[in-house]
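Annotated features in Swiss-Prot:
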type     : residues : note
TRANSIT  : 1-64     : transit peptide
DOMAIN   : 74-175   : domain 'Thioredoxin'
SITE     : 92       : site 'Deprotonates C-terminal active site Cys'
DISULFID : 98-101   : disulfide bond
ACT_SITE : 98       : active site, nucleophile
SITE     : 99       : site 'Contributes to redox potential value'
SITE     : 100      : site 'Contributes to redox potential value'
ACT_SITE : 101      : active site, nucleophile
């Protein structure tokens, strides 16, 4: 019995100029980078607008235009804590350079949509509010404070990246 040859012989490469030129114009017609003049007159705010069920806090500014979680100053946070609330307050201490903080921001946005009427979620940039972060004993990032509307309950503090389900459990069961 004779051994079969396992040698692979690739087909001849088609590198003739006529073959390439016949394929090139067709390829350019479907290019992702081809610029076509736009006939649409929609503004960016019309495209990115989102309908919200409840109003976000009147103070502070959004990290991005389409986010529900607002970035607040230390003074604004202190007013929220001292003021009357019907819903729990979740404060996220973060930094723009912190990788886990970016991941946590995505989870907090999902929570903000999910608990839109039942919780208030805000952010504090620790680089902008260094003294406030120090006073709140923020040692690692991200740090979350879960503050109940009931002043007799203690605040819950977490440090580091935590799963979204753990945040749900804290909001639903402990606040």
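Just so it is clear, glycine is given a Cβ too, placed from its N, Cα and C backbone atoms.
Cα of residue 100 (site 'Contributes to redox potential value') to Cα of residue 92 (site 'Deprotonates C-terminal active site Cys'): a span of 12 Å. Across the structure, residue 99 (site 'Contributes to redox potential value') and residue 92 (site 'Deprotonates C-terminal active site Cys') place their CA atoms 14 angstrom apart. Cα separation, residue 98 (disulfide bond) to residue 92 (site 'Deprotonates C-terminal active site Cys'), rounded: 13 Å. The helix, strand and coil residue counts that DSSP assigns across the domain 'Thioredoxin' (74-175) are 42 helix, 21 strand, 39 coil. Neighbour counts were taken as the number of other C-beta atoms within 10 angstroms of each residue's C-beta; across the recorded sites 99, 100, the minimum falls on 99. The most crowded of the disulfide-bonded residues listed here (98, 101) is 101, judged by how many other CB atoms sit within 10 Å of its own CB. The Cβ neighbour count for residue 92 (site 'Deprotonates C-terminal active site Cys'), using a 10 Å radius over every protein chain in view, is 21.
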